[in-house]
């Protein structure tokens, strides 16, 4: 907002999502604090509050609201938060191909994929869902440790593994939706 006239200003071109959401630039975040900040920012700039304002401010409001949603979703999810931290550190996550991961890990992913393809009932799906959730939690702890040691290459490898499990989660969700 303009300090003089209180008019809403356009968002910065490439804002730091951590700063915007009033979080430390760290993999470890306080989800409740993040949610409070999200709600507070949305209340301040939500398009519904700008219906009677000039079209330019209405447009800025939509931009801010969209950006706040993006920041919240990015920082709330461990995988996207980790990838964003790597991006801020100038570490690019290569387009992962099968030779980037160790063969034991790839075998594990293939086995879970096969179980998912062969799942006959809700119990099978719940078993796979639990397995994926446990693996994601384990990887999240390992990524947290890697970032805290400032080992960005290790974080990069672990985030690549998290991507595989995120893909499995998506396949599981698609299979659970009744056709």
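From the backbone N, Cα and C atoms, a Cβ is placed for every residue, glycine too.
TrEMBL labels come from automatic prediction, so no person has curated them.
For 16-88, the entry in TrEMBL reads domain 'J'. The coiled coil annotation in TrEMBL covers 109-138.
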For the domain 'J' (16-88), the number of residues DSSP places in helix, strand and coil: 56 helix, 0 strand, 17 coil
Per-region confidence, the domain 'J' (16-88) (mean pLDDT, whole number): 95
